[in-house]
Amino acid sequence: MKSTVASALLVLAGTAVQAQSGPWQQCGGIGWQGPFTCVSGHTCQVLNDWYHQCVPGGGPSPPPTSPPPTTPPPTSPPPTSPPPTSPPPTSPPPTSPPPTSPPPTSPPPTSPPPTSPPPTSPPPSSGSCPSTPGGLGSGNQRLPDPFTFHNGNTVTSAADFQCRQREVSSLIQQYELGQFPAPPQSVTSSYSGNTLSITVSDQGRSISFSVSISGGSGSKSPAIIAYGAPSIPVPNGVATIRFNNDDIAAQQSGSSRGQGKFYNLYGSGHSAGAMTAWAWGVARIIDALEKTPAAGIDPTRVGVTGCSRNGKGAMVAGALEPRIALTIPQESGSGGSACWRISNWQGQQGQNVQTPAQIITENVWLGPVFNNHANNVNALPFDHHQLAGLIAPRALYVIENSDMEWLGWTATYGCMAAARTQWEALGALDNFGFSQVGGNQHCSFNSGKQSAELNAFINKFLLQSGGGTTSILRTERNHGSFNLAEWTPWNVPNLR
């Protein structure tokens, strides 16, 4: 009997020891019911109100508070209890045949690694670009062709593709994201004590905000702008710029519309959704870095990252701000790396996935104009493979989770596989990566499976030291009856 009791006490003691979150795991946030402390050598930091994460550095931190929500929690929060370390898929494996065109697990680069700095895709000039017809045009149940203009003309050159990018950007802003403002009249900045202070003035109004800068080395270090805080490991030699995107545009709930410093400057009725406002904030950070050498950052080697809701924002920032050298959206799902049409298709298959009709009820990430189109996205002349395509040929590394049904595991894979054709057309496949793996919590970076990929992208496009494969199209999920070829009925031109 004593032996049994002793064994039970040992089990309980072991359980208590384990009641801490591990590296890159969740450790707090609204609705969180798991451990609030981190294992030794990690600190619980706040990414946003909904998600706190254990990151390397420091000793165990005190338990962060988890305030009760003042509004109903969203329908896509991080897990409310810690999942197993290697969770099975949340739906039974598909019984249909495997895809007719399975993705390569990690295809080799189709061209040699670049020996010069990566392309930067400057904003296309409007001088010789065709005018865009008004209206939505004809609907399309499949993904719209990124190589055909809205007027039906075909893209036949790299210059044409820049015009097409300009057209797509305009259409996405008009029908989904809201207007991305032109550069403001004035941006001033100063740097002191690892804080970059920024003041923006436009049309008689001014706002100020600041970001913190840590890490890096030398007077012109590359940097990654992290929405909230980084949920990926940032290597030595690369600075981290922590951007409080909620300060620029609030994202507490559907009642947050028009709140934040962006709207103080441009008015609460501005058409921009929160993600567009955040992208504007990123642009102003880069303005400030260009004006403030004392910050020690090379503004031509800046990346952007975020996870979940902030990952959606990172994708939009990369699409709207051409000075970003590397975009790393992590588990962004619907509104980010997923295509609306494929998310709807998944829902029609009985899967629990975030759809466009649902996302507009959850938050204010998109412009209010999207409320008019969320129930009929087949009428839109674009989808998110083209949002991603606004980044081409700049570098994009998309991190997704093959175990999370809500993110749209097929919608993200299919959408980014379609997006990849734009890098292919430009001869820039080495600048595109999509990696969808499982066995980790939401927003918990899977170091065992993705560190080499992440490091290869950072080395090549920020540190500019080369090394590693950066042409990646990888998924660990069987996508069943999904047939990529049926969703991408276009030929890929040679625009090199």
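Keep in mind that glycine also has a Cβ here, set from the backbone N, Cα and C atoms.
Lifted from Swiss-Prot, the feature list:
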ACT_SITE  Ser308  active site, nucleophile
ACT_SITE  His442  active site, proton donor/acceptor
BINDING   Lys312, Gln354, Glu362, Trp406  substrate binding site
COMPBIAS  59-125  compositional bias 'Pro residues'
DISULFID  Cys129-Cys163  disulfide bond
DISULFID  Cys307-Cys443  disulfide bond
DISULFID  Cys339-Cys415  disulfide bond
DOMAIN    20-55  domain 'CBM1'
REGION    57-151  region 'Disordered'
MOTIF     306-311  motif 'GXSYXG catalytic site motif'
SIGNAL    1-19  signal peptide
DSSP-wise, what's the residue breakdown of the domain 'CBM1' (20-55) into helix, strand and coil? 0 helix, 17 strand, 19 coil
Close in space but at least six residues away in sequence, with Cβ under 8 Å from that of Cys415 (disulfide bond), the same-chain residues are Leu143, Ser337, Ala338, Cys339, Ile342, Asp383, His384, His385, Ala388
Restricting to the record's substrate-binding residues (Lys312, Gln354, Glu362, Trp406), give me the longest CA-CA distance in Å as a whole number. 14
So among Ser308, Lys312, Gln354, all listed as recorded positions, which is physically nearest to Cys129 (disulfide bond)? Use the C-alpha atoms. Lys312
Just the number: how many Å between the Cα atoms of Gln354 (substrate binding site) and Ser308 (active site, nucleophile)? 12
Here the recorded positions are Lys312, His442; the one whose Cβ sees the most other Cβ atoms within 10 Å is Lys312
On the DSSP side of things, how many residues of the motif 'GXSYXG catalytic site motif' (306-311) fall into helix, strand and coil, could you say? 3 helix, 2 strand, 1 coil
Cys443 (disulfide bond) CB neighbourhood, other CB atoms within 10 A: 24
